[in-house]
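Asks: Quick one: the structure is below, questions incoming.
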Number of protein chains: 2
Amino acid sequence: MIEDKNPQRTSLEELGEFGLIEHLTQNFELQQASSIKGIGDDAAILDFNGKKTVVSTDMLVEGVHFDLSYMPLKHLGYKSVMVNLSDIYAMNAMATQVTVSIAVSNRFPLEALEEFYAGVALACKLYHVDLVGGDTTSSTKGMLISVTALGIAEENDIVYRNGAKANDLLVVTGDLGGAYLGLQVLEREKEVFKVNPENQPDLEPYSYIVERQLKPEARKDIVELLKKLEVKPTSMIDISDGLSSEILHLCKQSDVGCNLFEDKIPLDPTVISTSEEFQMDSTMIALGGGEDYELLFTIDQSDFPKIKANPNLTVIGHMTGKSEGAHLVTRAETKIPLTAQGWNSFNG
Amino acid sequence: MIEDKNPQRTSLEELGEFGLIEHLTQNFELQQASSIKGIGDDAAILDFNGKKTVVSTDMLVEGVHFDLSYMPLKHLGYKSVMVNLSDIYAMNAMATQVTVSIAVSNRFPLEALEEFYAGVALACKLYHVDLVGGDTTSSTKGMLISVTALGIAEENDIVYRNGAKANDLLVVTGDLGGAYLGLQVLEREKEVFKVNPENQPDLEPYSYIVERQLKPEARKDIVELLKKLEVKPTSMIDISDGLSSEILHLCKQSDVGCNLFEDKIPLDPTVISTSEEFQMDSTMIALGGGEDYELLFTIDQSDFPKIKANPNLTVIGHMTGKSEGAHLVTRAETKIPLTAQGWNSFNG
C-alpha cells in the first residue's frame, strides 16, 4: 500500500518477447546437477539418473488468487514457486526444477516483472531449485502465472494420497489458519486505505499471519526431517485448500474414515487473538482457511515414538474404517461430520 | 461462426474445482510406460530409466493467441498440445507427457471445457502422450491456457540450437506461411460476419491454410524420419514465430551467418494464390508469418544424399561464417539482411 508514485517504467514493447525472457532470467544460475540445459532452447534437458521424476503444476490468477494492491510482486513470485514446491514435497520428493510462465497486460512495466522474478529467484536460491523454462506473453487483462515444478524421489520413498489405513495417526506440520486470517487483515486494511489513503496501517501485531499469507514457505524441511526420523508416511497431501478438504481427500482416496480432534489442531496465538477480533471461530478457520502450505500425513502407530517429541509435528487424529465416516470430535466431545469447506475458486 | 444458439450449459460452479478436473480427465488413459502416476495426487510420477528428460512450456491467451469467434474449442485444445509437442520434437526428442492448465471466466459452461479437453484427448491419443496433471481455475476475463510438455531422448540424440557450423545446409520441413494466411482468411470472414451474420462463408478454397491455422500438426514424424535416415541435425528449432526469426535464433546461438535462398522456400499453391488475393508478398509471409510448427534444422553437407529425395525436407540455404551475417538471397540475386519479422506478442 506504500508505493513509489514515480517508479522507473520501461515498457515491455521496448524489449520484445525474446529480449524479455532473456533479460528476466539472466541472473538465474543452475544449481541442480540434474539440470543439463536450462532456458535458451526449445526445451530444458533434465537427467534424473533413473530416479522417479515428479511433476506438478498450478496457476495463479490476479483477482482470483491474489490482489496486487497488497501483494508485493516479489512476494508473489516467491509464493508462486512455493505453491508448486509444496506439491512436490507432499509426494515426499525433493523439488529440483521449475518452469515459470507469466501473462501480463501492458499496464505492467518491465520493472514490475523484474520484481516478480526477483521473488522467483529468491525462492529458487533458498530451496535449491533451478528455473529451466517458461513463457512470457501479454494478457488482455491482469496478471496470470503458471508454474510447473519437477522433482525426484526414489521409488520407495514416494508417498501418495491413497495409502492411509484405519488406526493410522493423522499428523499435521506447523500451525493452521494463519494465511487465511492474514488475508482478512489485508482486506480490512485495503478498505480503510480506500476511505483514507493517508492512513498508515499498523500491521505489526499481525506480522506473523500477514507473512503466512504473503510469503508462505513450502515444507522442504519436513521431507528432510521425516527421512532423518526414518518415518515414511502412509499417505500425504499439502494443505492448500484447508484442513477439512485435505482430510477428505485422504479419506476418499485411501478408502478410510477419520476422527479429527478439535483440541489438537495447532493454532498460533496470533490466530487465536485475531479470530476473536474478527469474531470468527478459530477451528472453522483452520478447517476451511487454506493457503497454509503445511503438510498433512498419516503414519503407522508404530512410528509414533519417532515423531512425538518433535515441535514441528502434531498428531491431530486417527484414521478409522470407511463406514465410520470422517468426523470432527469437538472440545465438548460431540462428533460433527467433516465437510469440504475448502476454498473453491469458481465461487469467487 | 456456425454455432448452436441453445447448447446445453452446466455452470462450472455446480461442479466445483475438484469435481471439474476429475470430470474433464476421467477418460484419459495413460499410454506411456514412463507415466507411473497421472492426475489425482499432488504431483505426477514419471520414470525415464536414465534417459534425458526434456521439458517445455507455453501459454496461450484469448485475444492474444486465439480468437474463439472462429477457433473451435476442440481445435484449441488440440493446438495447445501441438504447440508444446513441437518444442519437444525440436530437441530431436520424443514427447511423452503433458500437463494442461486452464483459467476461464464464468462465461464458459462445462460443455465448453469438455470440448477443449476433447481436443487435448485427441492430441494425446494421436501423438501417444499422457495427460498427467493440470489445474483448472477461474479467470476474471477470458480463457488462458498453459501447457507443459515432457519428453525423453538419449543424450547423444539431443539437438540444440547452438550446433550449426559454417557450410552446414539449412533445411525446413513441409511448407511455410499457411497458418498466417489461414488467419487472415478467418479474420476477413469474421469482419464479413459482423456486417452480415446471415452470410455463410465459403472457406472451401482455403481449407488447407485454415486447417494449418486451426489444427496444426507437430512434426513427430520428422524426428522418426531423421532417425530412420540416420541424420542427426547439427542444430534445430521449431517454426512458431516465422522463418526469419527462427533462422536468426540459430545464427545467434550457433555463432554463424546464413544465406537463405528465396526461390527455395517451400510454399503450398494455396499460399501463393491467397497471397496474391490479399496483395501480400508470399516470401514476406513465409519469413514473418509464424505458427506453422514446421522444423528448421541444419545438417552437415555429408548428410545431403540421405535427405535429398525426401519430399518432406527442403534445403533452403546454407550457413556461413558469422562475419558474413544472415541474408536473404532474392530471386533477382540481390542480398537483403534478414530481420526478425517474428510475431511479437507485446506489439499486439
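If you go along the chain as it appears here, the first residue is 1 and each next one adds 1.
Heads up, the Cβ atoms here are built off N, Cα and C, so glycines get one too.
As annotated in TrEMBL:
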type: DOMAIN; residues: A:40-153; note: domain 'PurM-like N-terminal'
type: BINDING; residues: A:Asp42, A:Asp87, A:Asp238; note: Mg(2+) 3 binding site
type: BINDING; residues: A:Asp42, A:Ser56, A:Asp87; note: Mg(2+) 4 binding site
type: BINDING; residues: A:Thr57, A:Asp58, A:Asp135; note: Mg(2+) 1 binding site
type: BINDING; residues: A:Asp58, A:Asp87; note: Mg(2+) 2 binding site
type: BINDING; residues: A:His65, A:Glu291, A:Trp343; note: substrate binding site
type: BINDING; residues: A:Tyr117, A:Gly134, A:Asp135, A:Arg161, A:Ser240; note: ATP binding site
type: BINDING; residues: A:Asp241; note: Mg(2+) 5 binding site
Asks: For each of the binding-site residues (A:Thr57, A:Ser240), count the other CB atoms lying within 10 A of its CB, then report the residue with the highest count.
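Replies: Result of the Cβ crowding comparison: A:Thr57.
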Asks: Just to verify: the residue among A:Asp135, A:Asp238 with the fewest other Cβ atoms within 10 Å, which of the binding-site residues is it?
Replies: A:Asp135
Asks: Based on DSSP, tally up the residues of the domain 'PurM-like N-terminal' (A:40-153) by helix, strand and coil.
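Replies: Split by secondary structure, the domain 'PurM-like N-terminal' (A:40-153) comes out as 35 helix, 47 strand, 32 coil.
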Asks: Using DSSP reduced to three states, classify A:Asp238 (Mg(2+) 3 binding site) as helix, strand or coil.
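Replies: Where A:Asp238 (Mg(2+) 3 binding site) sits, the three-state DSSP reduction gives strand.
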Asks: Give me the count of other Cβ atoms within 10 A of the Cβ belonging to A:Tyr117 (ATP binding site).
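Replies: I count 26 other Cβ atoms within 10 Å of it.
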Asks: A:Asp87 (Mg(2+) 3 binding site): which of the binding-site residues A:Ser56, A:Asp58, A:Arg161, A:Ser240, A:Glu291 is the nearest Cα neighbour?
Replies: A:Ser56
Asks: Just give me the nearest neighbour of A:Thr57 (Mg(2+) 1 binding site) among the binding-site residues A:Asp42, A:Tyr117, A:Ser240, A:Asp241, A:Glu291, Cα to Cα.
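Replies: Smallest Cα separation from A:Thr57 (Mg(2+) 1 binding site) among A:Asp42, A:Tyr117, A:Ser240, A:Asp241, A:Glu291: A:Ser240.
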Asks: Under a criterion of Cβ-Cβ distance under 8 Å and sequence separation of at least 6, what residues of the same chain contact A:Asp42 (Mg(2+) 3 binding site)?
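Replies: Within the chain, A:Asp42 (Mg(2+) 3 binding site) has no Cβ neighbours under 8 Å at 6 or more residues' separation.
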Asks: Listing them in sequence order, which of the binding-site residues A:Asp58, A:Gly134, A:Arg161, A:Glu291 have their Cα within 10 Å of that of the residue listed as 'Mg(2+) 5 binding site'?
Replies: A:Glu291
Asks: What's the CA-CA gap between A:His65 (substrate binding site) and A:Asp238 (Mg(2+) 3 binding site) in angstrom, rounded?
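Replies: Cα of A:His65 (substrate binding site) to Cα of A:Asp238 (Mg(2+) 3 binding site) measures 17 Å after rounding.
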Asks: For the binding-site residues A:Tyr117, A:Ser240, A:Glu291, which residues show a Cβ-Cβ distance under 8 Å to chain B?
Replies: none
Asks: Mind giving me a neighbour count for A:His65 (substrate binding site)? Other Cβ atoms within 10 Å of its Cβ, every protein chain shown.
Replies: 23
Asks: Should A:Arg161 (ATP binding site) be counted as helix, strand, or coil on the basis of DSSP?
Replies: coil
Asks: Using a 10 Å cut-off between Cα atoms, which of these binding-site residues sit near A:Ser240 (ATP binding site): A:Ser56, A:Asp58, A:Asp135, A:Glu291?
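Replies: Cα filter at 10 Å returns A:Glu291.
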Asks: How many neighbouring Cβ atoms, not counting its own, are there within 10 Å of the Cβ of A:Gly134 (ATP binding site)?
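Replies: Counting Cβ neighbours of A:Gly134 (ATP binding site) within 10 Å gives 27.
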Asks: Look up A:Glu291 (substrate binding site) in the DSSP assignment and report helix, strand or coil.
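Replies: SS state of A:Glu291 (substrate binding site) = coil.
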Asks: Within 10 angstroms of the C-beta of the residue listed as 'Mg(2+) 5 binding site', what count of other C-beta atoms is obtained when all protein chains are considered?
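Replies: Excluding its own Cβ, the residue listed as 'Mg(2+) 5 binding site' sees 24 Cβ atoms within 10 Å.
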